Structures are given as C-alpha cells and as structure tokens.
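Asks: Below are the structure tokens for one structure; questions will follow.
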C-alpha cells in the first residue's frame, strides 16, 4: 500500500494511514478508482463519504451510583473519543488531583490553548476551530457522559438540575476530532485516521457515536475496518446503533467485533402543556424554557397560511416545509403543524408552535413549542375550525416521572443485521433519551444558527448518548479486568444486562439486544463468551472473503483453510439469532458455544431455558461443572419448532446460584 500511495503526486494524496494499519486517501476519478481496486494488495476502495452523528439521572437509573465500588486502576483507563471534539474548560473535565497520564500512553497531551489539528486533509470551514476544540457540542456531551467528573448544580436552565457526572469520572479521555460542521460532516477518511492514531496511542476503549444511515459490507465500512484493527490490538469499540428507527433493518453499525448500542428511556420526562382558549389543555413533550406567563396568542393552522408568493399550497404548508409559511399571516401567532421542521415556524416569525411527535423524546425548539400525540393534534385543529378567533398558550415545561421506563426509544435503529442476519444486533441498550451532559458554550442549545441561547450543559437524545453509557460501563469492567479481551468485556456487558419487555417493545431483541446495561453486575459475570481475532477471521471466511483479502487486512498468515466446517452459527457470540426466510415458519438450527469460567473456581452452572410455545430449545450438556478459573466448557444449543408472529423471543441462562449468565435467543422473519 505504501508503494501504491507513493505513485500519486502530493496534490492528489490527501492522507495516509501508517501507524496501526495501512491505507490512504487520494483524489481519483471513477476510472482511476476502478484500476486501483483491481491491484494486488488492495483490500477495498470506497468514497470518502460523510457519516452522521447519532444524536445525570441516567447512571443512577441503571443502578450505577457514584459511590459504587471503584478501583485505583480506573485512573489508568484511557478512552478514545471519536467525535466533534471537546470543550476542555468545562467543569466536567476539571482534572485537579488526577495526576499525569499513564506511562504507557504514547500520544501527546495538548493544552487547551494549543490543540493540534488532524482533519485528514480537509480544511475547517469558516468559524470552525482548526483544533480538537468543539464548536458543535456533541463531542463534549458524549465525553462527559463517559468520564466527566462531578459537576454539582448542572442543569439546562433549571431542567435536569443535579450533579452531572460520567460513568468512570477518574478515567482518561483522549479526543480525536472526526466531525466538522455540515456540509462536511464525519468523513470516512477522518474516521480511519482517528482509529489509526487511537490504536497507536494506546487507548483501552474506543467510543464512536456516529455511523451510516444503513449497514454496508464490512470492508467497505470505515468504522467496521477501524474497529477490526482495534479488536486485533485488544481494544473494544463501542458504537451508536443509529437513529433510523422504528423501521426494521435500520442498524448502521453491525460488525460482530464491535458493541452496537440501542437507546432506551429513563424514568424522567419533560412535559409541556398547551392550553386553548376554551380552557381545554393537552399535554405534550418538549423542553420549553420559555414562559409566556399564560398570555393567549392567536392560533392558526399551518395549512391555512401558505406562502403563495413562493407558490406553496396549503397541502404543503400544513407540513411546515421550509419557507412554506406566509410570514405576514404567521407573525406573532402560534402555529399548528401537521408535521414539520422545528425551525420553520421560528423563521416565519411565529411566537410558538404545536406539532405531532412521539411522546418518549423531548426536543428543544427555538420558540415555545410542544409535541402532542397525533389524536390531540386533530382535537386542536377541530377547535381552530370551530373558532374564528382561536387562541392558545404554551406553558413552560415541567419534569415528570416516566412510569413506563425503561423502553426503547422510537428513533433507535432496529435489527435485523442486514449484512449478517445470523448475528443479533443491536447488542445492548443503554440510556439515550433526554440526557444531561456538558456542552460547548459556543454552540446554540438547539444547534440552530439563529438560536442565540447558549449553555454549559444541554439535554439531548440519540443512540449517540446511549453509546457513551456503554463505553463507560466497558471502561469500568476493564478497570477490574485489565487483561480481558474486547469480546470478554462485551460478553460481560451483554450476559449481565437487565431483561427488557417484548410486550412493551414489539421488535423485542431486534430493538434492545440482550437488554438494558447493568455495569455493576458486569464486573462479575461468572462466565464469558470469549473470542480471539482468529475466530473473527473464521467468521469472515464463512462470509466469503478470500484468504488474500484476509491476510491483507489482518497483516498475518491467516488462511480460510482454518475455517473448514466452521459456520457463522459457531462464532462464540453471547446471543443467538435465527432468521427465517421463505414461506415456511418451521425452524431447525444447532449452535456451538464455549464459555470460560471467571466466577468461582469450583462451580456448577445449570442451563435454564425460557421459550415460547411452538419452540423447543435443548442445551447439551445441561450442567457445566468447573474445577478452576479460566476453564472452558463446550455446549450445543438446538432450536426446533415453528415461529409465531414476526419474532419469537427466548433465552438461555446459566445459573450457579450466584451468577445468572443470560443470552437472548431471537427467531425472526428475515423479510421486513
């Protein structure tokens, strides 16, 4: 690869990767790219496309309080954050008493006023910091969620008031800026460069809250490629699953060697009342910081105020499309939208807006606003149609208890894994709704340029927020078990997670994987499903990759001959997935797994199977007895019967009386 890159002139060569793996970014025509792709030594070639960011109470909610047992080794855990940067002066990153970084750290620590830029050859746009300093806020938010220190009195204008903290507050954060403001975004080249540097610098865990809108072939996906090299170097990559839910098959990060995280709700929600002129009130959700003091304003339906000067009709303006509202008819009024962008009524001069929205996520708006259930939107429209002088006011939001938590957020991407359906994705769920964390003080809280409200802390939602919770939990486990492999850490998180309800979430394991993150239990899982790099090589051989490609990727003498008689069903994964295609709903499949004893030296685990009617699940042997730590035992799990509905949920739990090592089993329709 080095020889290949040297054939290009310096004005064409944008960036090369040499520290942890080999590759380069170069300006090519389509024909030139095809020629390069056919050369020996080239694993894959793909466009430098942009990837999207998958955008206090949460740690306590999952049973992980600040006073949980912690080891001194937590101070030596280094977490690589691949994001929009960081605002180092935030109180969440106060490092008083932390001491110097670990001696094994190979990177360079920069002071906050002397950052070094690494933009993979892409110059920053006007107004952007040519350094890891965060102008967007997203990276500051995720970094403080993982490892932010105690910040008493943190809130967003009083909302979420309390002590903000990260999961591992004494761990080290190293920041790699991979994302710039639109239209550049998070380029594939920047992602690969960050992986290259993070691996060489010696991080322990990588956290990446960005991804594509859909899954792609593993070696066409820069995140999967980078995470593979990280795994080879003993580093677990924690990924945001994606924000394309609730449709199935929308998971963006699906490689089996990384941890894919779904977003769940916590037991706090922000509700906003809309009161009409007839004294009837409707409750919606939003984070409305404005106080109209009960003043009534004219209420209009967006479909009745189209911007005809730009040829918009009522059918279009009702959706509050960009520039579709007539400012002369909207200014000083509250607008009811049938759908729409939160910025459009604001741009048209409205004093407030009401629109439909899912009730599990509270958004920020640049004006007073509330998102109501769809049925209530119809009631408000009926009121407008019956009253020529309709009025309304929007109350300041209040905090309420969410008795239904924890549930998977409607936006959280769902499986199945469209690249390898036999690998269950997502892996796990973590809090990702209405999360309070540190923010860049130069970024508006809504991230809308016209919004002039700024804050040191912000409340936002997304699998981007769930990912750092899983990262923090992985770092916590690493502090107790520094020699564990990425697969062992991943297994401990999955098999100790709290089961979630398939009744509350119809997509079941395709939405939440193994269940809700439980960091305290994860440090003592009892048994682990471990896997080494060669196991993933065998998996890739089974996916049709050649020995030549594998050797170019792994950099060793791996060969697909080692994978003879191996199938994807034998990858030592902590979950079981069985996709069903075609008209027949009958299933028959056998899986082999190996568990390693990390609990008590002398212990016996009994297999406990939970399965719905119609499915018969057998485990052989049904009892595993261990005589030493590190001892391994092989078992076989077989599934027979017929699937009911679009998904049948089951589980296998190994129980020794102290540990419950639970693996989800999902039998589902591959057609969606």
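Each residue, glycine too, has its Cβ placed from N, Cα and C.
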Asks: Need the matching range: TrEMBL marks region 'Disordered' on one of 116-144, 145-173, 174-202, 203-231, and I'd like to know which.
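Replies: Within the set 116-144, 145-173, 174-202, 203-231, TrEMBL attaches region 'Disordered' to 116-144.
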Asks: Suppose we draw a 10 Å sphere around the Cβ of residue 83 (active site, charge relay system). How many other Cβ atoms does it contain, all chains included?
Replies: 30
Asks: Translate the DSSP assignment of residue 464 (active site, charge relay system) into the three-state scheme.
Replies: helix
Asks: Just name the most isolated of the active-site residues 138, 464, going by other Cβ atoms within 10 Å of its Cβ.
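Replies: Relative to the other active-site residues in 138, 464, 138 has the fewest Cβ atoms within 10 Å.
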